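Data first, discussion second: the structure below is written as structure tokens.
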Amino acid sequence: MIERYSRDEMSSIWTDQNRYEAWLEVEILACEAWSELGYIPKEDVKKIRENAKVNVERAKEIEQETRHDVVAFTRQVSETLGDERKWVHYGLTSTDVVDTALSYVIKQANEILEKDLERFIDVLAAKAKKYQYTLMMGRTHGVHAEPTTFGVKMALWYTEMKRNLKRFKEVRKEIEVGKMSGAVGTFANIPPEIEAYVCEHLGIDTAAVSTQTLQRDRHAYYIATLALIATSMEKFAVEIRNLQKTETREVEEAFAKGQKGSSAMPHKRNPIGSENITGISRVIRGYITTAYENIPLWHERDISHSSAERIMLPDVTIALDYALNRFTNIVDRLTVYEDNMRNNIDKTYGLIFSQRVLLALINKGMVREEAYDKVQPKAMESWETKTPFRELIEQDSSITDVLSSEELDDCFDPKHHLNQVDTIFARAGLS
């Protein structure tokens, strides 16, 4: 991922240095496991643990000759050791090291992403509670429907991200898995105890069955889950963008002193952060195809997935980490214009209370079709003449003979739409 959309904490996980360090840790743990089984002298393992070092530049230099990165790596590490170097990579095949180490690196990335998710969820919870009773216009098909609250909108986002966190924790169990089962997965030259020891010490699980590789359905599920998280954020970001439109202006991204919105128009204050999240989500989601196409490898192994994953996995995790942090700050610092929310409710002449009038007539004994046919023409007239809906209702004796003035007051009271907000918050775990 380009530096512009990267944070150092996550980017450092995907460096060659960290990748080689992960390979080395797998190699050393394998030696320790062999030693536990009595194959490698403990003194040799001690020397390997103390003296084996990674030199990325030297490994790449060797790779120019070997044309094989793992062979180059093991030879470079061996240069830092004495006679004990013969035990490095003992009984292993390249992907025993590469796939297991990759899962370990992904685990490191996941620990950051999980913290990101938890922080975002906390910010959403705080926003939901702050604006629990702040009435605003609910819109369906982009058109005014009935009042909701900004807190309910935030509660919706909160529960969606809670589901995303749950899914993320589940996919961690699938992706944080190692394998050290040899060239075709049969443990022909390495006992399962080695795999168990290494994976336990790395804090990852073991694959019940593998070939030379871990199966890439795991990685596809992982990328799809991260893409779903990104897409939820995009949905929220698009909502902010729509609510920041000049003619709506119910919320606005924080605008810093000295910030510029346009090179040509000094007045501009644009939702560029939310637009950024929208674009990054598209990039992340685009990798779903790559991840799925990596699943059908040939027989017990090919490396068609390798080049794709070297690009895909860093890009997706780095981009999602960046997006989660940026969007958390956007939501946390979001300006909410409560007066504009109320003014927008009043823009449609009270039409948003049409269902309340309809239900009141039904409750008084009128059949639904008759009630609907009485209310709808008044609503259409209100739209077309810009006349307050209640005024037109009160001019129709067939309605006022059924509904008293007090009953109409109740129909047109926006606070009615707050009646179940506490229930919604309790169900969301926000009470």
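The backbone N, Cα and C atoms fix where each Cβ goes, glycine too.
The annotation N(6)-(1,2-dicarboxyethyl)-AMP binding site is assigned in Swiss-Prot to 4-5, 67-69, 93-94, Gln212, Ser263, 268-270, Asn276, 307-311 on the grounds of similarity to another entry. Residues annotated as active site, proton donor/acceptor in Swiss-Prot: His141, Ser262.
Mapped onto this structure are the features recorded in Swiss-Prot.
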residue	record	Cβ contacts under 8 Å, 6 or more apart
Arg4	N(6)-(1,2-dicarboxyethyl)-AMP binding site	none
His68	N(6)-(1,2-dicarboxyethyl)-AMP binding site	Ser94
His141	active site, proton donor/acceptor	none
Asn276	N(6)-(1,2-dicarboxyethyl)-AMP binding site	Ala323, Arg326
Glu309	N(6)-(1,2-dicarboxyethyl)-AMP binding site	Leu102, His219, Asn294
When a 10 Å sphere is centred on the Cβ of Ser94 (N(6)-(1,2-dicarboxyethyl)-AMP binding site), how many other Cβ atoms does it contain? 19
Through the lens of DSSP with three states only, how would you label His68 (N(6)-(1,2-dicarboxyethyl)-AMP binding site)? coil
